[in-house]
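According to TrEMBL, the compositional bias 'Basic and acidic residues' annotation covers 698-707. According to TrEMBL, the feature domain 'Vacuolar protein 14 C-terminal Fig4-binding' maps to 448-629. The annotation region 'Disordered' is assigned in TrEMBL to 683-729. The repeat 'HEAT' annotation in TrEMBL covers 92-127.
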């Protein structure tokens with residue numbers, strides 16, 4: 001300290017802390033001259049003492065004017081040192097940088113001025129302090145005082161010039177600081193950061209491209225900034241980097257490094273860096289950000305080739321949502337990228353993670369957008385074709401989601417889901433599991449059965465095999481504990497069987513039940529489950545041309561069986577008899593002598609309709625059809641016409657055969673009756689429960705005898721037709 005005081009006159013020190021700038025400036029010039037003389041003399045000990053005096057007595061003083069004087073004094077000392085300044089920078093620069101955070105804006109301003117003058121002298125020698133200076137300038141760029149901002153801007157320009165011409169700058173040491181600052185939201189700081197990224201990228205010897213993953217997310221963040229200028233600068237920087245990537249011979253190694261770093265980070269972050277950049281930014285609410293992100297992804301997929309294989313799942317997670325983006329240009333790029341990914345054939349041995357892909361598409365199957373769900377299903381289908389074994393190993397993870405997709409509001413999605421299910425069901429175990437789960441799904445979701453049941457069953461019959469599907473369904477429904485559901489399901493399957501063009505081959509096979517072993521086997525495989533519905537079993541027997549057995553089933557029906565539900569089903573059956581599917585049956589009526597049991601069965605159906613239903617459409621249809629049966633005499637049976645023109649049929653009692661072509665119809669009739677008896681007991685139990693519930697709640701209204709929609713014909717008064725004679729229908 002004594003050496004410094006002896007070197008610098010007291011008057012100079014006093015002026016250095018004066019409130020007037022001119023006096024401080026003149027004092028600084030005095031300090032410059034003194035230091036210059038000491039430098040020429042080579043007295044660095046005294047120079048060190050002078051610098052310490054300026055630092056501790058001035059720049060660290062509690063008085064603002066002292067701090068201002070200290071800063072201008074340090075700058076003057078550096079000018080005096082000239083080429084010898086480098087060895088004293090450790091003393092000079094830190095106090096100046098420390099003053100950047102001073103509470104007094106004028107002190108901060110003079111700190112910028114001092115460092116500017118110091119930098120002009122030492123140039124590249126102060127690069128060792130670059131990170132500290134950059135951090136300080138980053139904060140000063142958003143300073144509340146415009147004068148400080150302007151001073152910082154001038155200093156920033158000088159520092160950029162020095163860095164671009166220096167060979168001592170370490171990009172490796174700088175990148176961590178840049179990465180940390182990229183999350184700042186202040187617009188001035190963002191402009192400052194983009195400016196530095198652009199400048200450093202323009203330096204040939206600095207490989208900014210290799211460190212792009214460290215600040216890429218920050219640039220994407222800026223694309224949604226409220227300032228148009230910042231968005232434009234960020235986009236310009238990103239475009240430049242993307243062009244460099246496309247032109248760089250090291251592109252593949254860059255992408256590999258980029259994605260590897262992302263995956264390593266995923267161990268500690270939920271979605272990892274890859275998710276932050278590709279998934280998060282691709283789903284940004286800002287359109288420009290989404291479009292830029294998906295464009296980058298598209299270029300990566302095109303250029304990355306096989307090296308991107310281990311990262312398919314993360315990339316796909318960004319693409320699929322964008323396929324349904326509201327902006328057309330984003331949708332176009334997303335679809336193109338998706339097609340590029342699908343076209344790249346990779347194997348799990350190459351790092352292709354089937355499980356990760358399935359996890360992504362499973363999540364996207366719940367998307368609110370139809371296009372995304374459709375593409376997700378295309379991915380599952382593609383994976384099944386290429387890597388069936390691996391996909392099936394994850395079947396338990398996706399099966400429930402695929403079943404839920406059957407309830408999708410989009411028919412196209414449902415059809416694609418069925419294709420996936422059909423592909424999975426090529427194995428018997430998976431096929432059985434599919435049908436079991438499908439029946440369970442119909443059981444718990446009655447709306448699905450009602451609205452989509454026919455579509456699902458028909459499509460499965462086309463994709464797999466109608467006979468195989470119906471046999472499996474029959475086996476499952478035969479042991480169904482819920483009798484109401486079993487009856488409903490069988491009625492639905494029966495209606496599909498009788499009306500769907502896709503099941504024409506199955507119907508043709510059933511028509512041969514009495515003459516062909518395959519038809520007989522199919523008939524018997526359906527019989528037990530079809531017994532849950534009396535009308536379904538009658539339809540099956542008519543389709544199989546087992547007319548005698550049909551008549552026996554009709555005769556076995558009891559009073560309890562003929563309820564509103566039964567009559568509704570009977571109405572449907574009679575209408576179906578007039579469709580092209582039963583054309584063969586109607587043609588057989590031209591030979592009443594040969595098909596006497598068919599006549600008896602049809603008259604049996606007619607007789608099941610109560611007198612009050614004489615004017616119903618079903619009754620009229622069937623009665624009109626029977627009127628057209630020609631008169632024919634044969635053996636002991638005769639079909640005559642009365643004077644009124646209505647057919648009157650007389651049957652001989654010569655057809656009580658219990659076995660036909662190996663089918664023990666007596667056994668199967670007994671089986672039918674047993675199952676129907678279970679339904680009767682169940683129905684009575686429900687009625688008792690209903691009555692008890694009604695009584696306990698003190699509801700005065702009398703319980704209805706039957707449930708279901710009202711049938712007005714049952715309550716209609718007898719018409720004039722009912723007064724005809726017993727032989728006149």
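Using the three backbone atoms N, Cα and C, a Cβ is placed for every residue, glycine included.
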For this session: State the residues, same chain only, that lie 6 or more residues beyond the ends of the repeat 'HEAT' (92-127) and have a CB under 8 A from a CB inside it; answer 'none' if no residue qualifies.
Result: 51, 55, 59-60, 64, 67-68, 70-72, 74-75, 77-79, 81-82, 85-86, 133, 136-137, 139-140, 143-145, 147-148, 151-152, 154-155, 158-159, 162-163, 165-169
For this session: Run through the repeat 'HEAT' (92-127) and tell me, per DSSP, how many residues are helix, strand and coil.
Result: 33 helix, 0 strand, 3 coil
Problem set entry | Mean of pLDDT values spanning the domain 'Vacuolar protein 14 C-terminal Fig4-binding' (448-629) | 91
